[in-house]
Amino acid sequence: MPGQQGLAMGCARGQAATVVGPPARRWGSLHPLAPLQLGRTGWGWGQQWCSVALSWAPLSLFGAPHRDGGTRGVCGGCGARVHPALTFLPAALHLGLAYALLAGLPPVTGLYSSFYPVFLYFFFGTSRHNSVGPFAIISVMIGSMTDSLVPSDDFLEPVNGTNVTVVNEARRDAARVELVATVTILVGIFQVALGLLQFGFVVTYLSDPLVRGYTTAASVHVLISQLKYVFGVSLGEHSGPLSLFLTLIEICQKLPKTNVGTLVTAIIAMVAIYIVKELNHKFSAKLPMPIPIELITIIISTGISYGVNLNSKFGISVVGDIPSGLKPPMGPNVNYFGQVAGNAFAIAVVGYAICISLGKIFALKHGYKVDSNQELIALGFSNFLGGFFQCFAISCSMSRSLVQESTGGNSQLAGVIASLVILVTILKIGELFRDLPKAILAAIIIVNLKGMFKQFADFRTLWKSNRVDLMVWIVTFVATLLLNLDLGLGVSVAFALLTIIFQTQLPRYSILGHISDTDIYRDVAEYKKAQEVPGVKIFRSSSTIYFANAELYTEALKKKSGINVDRLIEKKKKALKKLKKQQKSPSPQDTENECNGPGITVIELSQGAAEGSVPAEPTLRSLGLPVPDFHTVILDFSPVNFVDTVSIKILKNIFRDFREIEVDVLIAGCPGEEALQGHLLSWGKVTPLEGQG
């Protein structure tokens, strides 16, 4: 290798990896209806439409082959779907009412959101176990937005010409419903657009520690927002940064005004719900279905409230009128688009992240695939069309999904059956819940936050496993508490991306050695059996090379080589400069020879000069400088997946500097070597090693 000038581009080639793409959209062959052969004569143009409809019909609708060889879905036995639906119904009903309260909307909007989106997801979704509908995190994000853009103070009206003012709740609720419906439509537009553009991967920027830290902080927001219903006090509406702490301070200030009846009602409900839920968990194997304690609590408390007249006698706040029937579709108010675009995008991303995370967990457990882009489209259609019917943005609920999965529901038909019962509630039964105490709904929400608060255990786990992920979790949690849900999400994503940049800026650099009798090379500093190849330095970085760490890469390479490359180059330049001066100025011996007449001068010629070629450049040895104990540097590019223009310039500098000290540079294991070689060959002094391909 000495004497070989230039770069040897020897990129190791491994076996081609198996590429696993998204699940094929042509699922007609998987459907139980496929044997009907829709392509028979007589169908005409309708044949094409039916085949397209079947090809896009998702696994959640028709089912798919399972590991046991059977096909499960709608046609796998509708009777088997009734039991999961009946189990799922109580959760859908009480959470619909409770999360509407959390979003600052009339309770009936929660029922709408538990009805319309379920039907749409039934046709477009690919997960058979996700239970779509209102979700606490999304609801509190919406509630924060409504408090900010449509505050109650804008609807104060005087009472009978006096100085006393009260909030006109009918006008306020109508304005908030219009705002939230507009946001929901915009959320759907964002999700459908991202899905059609194949941007389902956007959720990969939300790491698991980030999502868990964010949902934990959001749970704290949910808890604080429900305390006013637990204590029965009225609070001002706070929005923006530090609004959580302002609300908490105001609650503490108004504790002396606590409504004792409301507090007792909430405590009794929370204790009863918690105990029964624990019993459900403990005896889940013996119970045919979980005890619907939330629904039982709602029915009993509504009956007591109606019979005793808790609202007038004890001042316990109740839900109020729940209008019967369905509302006609209502178009969005486009004037809100500019104000809520950022909130809508944040809700779209968070809702999709939760939905696809749950969907992939269930898909892996039950042996089918979930199409991330199709899930984005399905969720987008559910929100977009639901917004026209006064629904608020929905996602997937972990508690409802687990209930559906644990009771054997393996298609979206269970949710559809439950939504039909909710439809009956909207049409006929909803008005019966007008005397339901709001403290009961708050108690249901708080008890259901138990699973979210268990995520505080991540602190100990991440401390032991990955401190960087722990930093992401903590920063996400603190930022979301301080800056509210929308700004907190942006700060969290930015910080998570910064940690990636910092980690790529400070990778591990190592010199690799060969382990005898194997083809394995390992870090000589960590493995005693790894020995350096004589005369060769194999240098490896644990990260890719780009503009942010290119200079650090060069410095680490020169440091790991064991010699001061820059100092040696500087000495060489000084020696060459001195040599040139000596060649230009005649020596005393030459002057004496000229005075004494012609004589004989002995000139040492290198091999090249002897053959009539250009004289060779002086070597380090001839200049009296130290010679490196290695003749070749191999740059292991296996971790490198791209190079930018800054990296190319840095690599050229590396080749130039090591050539100056008579060391060859090779690159091994580089992806896209043809493009990299083209960049380097354009330098004019780099030649590829013959035979490399």
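Every residue gets a Cβ built from N, Cα and C, even glycine.
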Stretch carrying transmembrane segment according to TrEMBL (options 49-68, 289-308): 289-308
Other parts of the chain folded back onto the transmembrane segment (260-277), taken as Cβ under 8 Å at six or more residues beyond its ends: 229-232, 291, 293-294, 297, 301, 310, 314-317, 437, 439-440, 442-444, 446-447, 450
Stretch of maximal Cβ-Cβ contact with the transmembrane segment (179-206) [cut-off: under 8 Å; candidates 289-308, 376-400, 473-502]: 376-400
Interface-richest range of 289-308, 376-400, 412-429, 436-453, 473-502 toward the transmembrane segment (340-364), CB pairs under 8 Å: 376-400
Within-chain partners of the transmembrane segment (436-453) [C-beta distance under 8 Å, separation at least 6 from its ends]: 94-95, 97-99, 101-102, 136, 215-216, 218-219, 222-223, 226-227, 229-230, 232, 262-263, 265-267, 269-270, 273-274, 277, 294, 297-298, 301-302, 305, 310, 316-319, 398-399
Averaged pLDDT score, the domain 'STAS' (526-669): 80
Long-range environment of the transmembrane segment (473-502) - Cβ separation under 8 angstroms, sequence gap at least 6: 137, 140-141, 144-145, 205-207, 209-210, 212-214, 216-218, 220-221, 239-244, 342-343, 346, 349-350, 458-459, 462, 548
Candidate ranges 97-124, 289-308, 376-400 - greatest C-beta contact count to the transmembrane segment (412-429) (under 8 angstroms): 97-124
